[in-house]
């Protein structure tokens, strides 16, 4: 006969194990939710432990799952490597991109491995950034709130794309970034990651852990993570080919003038040369292809313009910017190449595009700029806008001459094979071919709707008739 008591004992042990696992599962879900909702972690929670790891963190063979982290090499993302390992049990793979910030990629790779990453991927993506992101922004003449050329906003979708690509290559089940819960970048990165790989879970450790800067430094030192021994710059800096963003420190007072030590790419306009410099930019179907007659790839051309414009004090931007999260922020930028190219591009468009296109295009430029600023790069609406802009760029081929002088960009000439400017139609001198007699019929037809309306709704002397009281209160005093 079967050993019934032994089987019952085995069944009881199995039930106990199931209940214990259910308890750990519930506790893990509670801790994960508490972290995502921004409640600070302390003590043993910060140090991690089995109870704080998500269910299934250990594979059948004991191998921990992989997570791919967008890694800058700074303190936040360095701490994130160790924190993600301890808190959630991940093996971390880092991804670092060169989008034009002159970063030593090999040094960043070595630091990531030293801190605890199991693999560190570095990649120079300046060409992709220029061709696939900056060029589209140029066609849209993108200036958020009329000033900011979207330097940081343009790079985030590319970072999201590369992080997802690596995650799929290594078989990771999650991705992460080092953005705070207060800025725009969390939106741009997370929306990009989820749009490209909805199956991957996204972690935001800096937003989750609730650490003060001092506590973060203490955690780093306790885990052997390098902390700068010299006093850090008071500014938060982000830079790439298209611009350099500076915030925090003295800049948080909107009344205070930006200190000169905040700037790196540009000289103060009053310190710029007393002699202006003229440049000739050549465009082919909206794409900048040459500077001063010398053909250049887009990365080289942008880099050169940053250098030339910077020495003339061109490209400084100081603005109060409305962030997506609802707060106003004082932002200072350096973007010599971006501002020079946008000014020149607009001048050439004015020469070759018809009036109807020039009236509609700024409306869509505004919409495109806000969409990208707000983190919706992978929206189908952005692709639709891009299709419109691409169609408008076919005749945008020609030269633009600009003068740089003490912080100013002045267009002094433009020419194009498909110019819509006709001297024989525009001149008031001999050779005028414009048919002045055609104006009489044009005026009659152009003004006919207004003439008919006013014949039935007259306005006497520019004032309302007694029976035409305005539908709003009028002050008597």
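Glycine is no exception: its Cβ is also placed from the backbone N, Cα and C atoms.
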Per TrEMBL record, range annotated region 'Disordered' [choices 34-58, 59-83]
34-58
In TrEMBL, the ATP site includes 70, 71, 72, 73, 74, 75, 76, 77, 78. Which of 146, 171, 178, 181 does it also list there?
178
133, 148, 378: which one does TrEMBL list with 184, 188, 236, 321, 333 for the L-citrulline site?
148
Which chain-mates of residue 333 (L-citrulline binding site) that are at least 6 residues away have a CB under 8 A from its CB, listed by sequence?
147, 148, 149, 151, 243, 244, 245, 246, 315, 316, 317, 319
If we take the residues 148, 184, 188, 236, 321, 333 that the record assigns to L-citrulline, their largest CA-CA distance in Å comes out at 19
At a 10 Å cut-off from the C-beta of residue 74 (ATP binding site), count the other C-beta atoms across all protein chains.
15
Can you tell which of the binding-site residues (72, 184, 236) has the fewest other C-beta atoms within 10 angstroms of its C-beta?
236
How many Å separate the Cα atoms of residue 72 (ATP binding site) and residue 185 (L-aspartate binding site)?
13
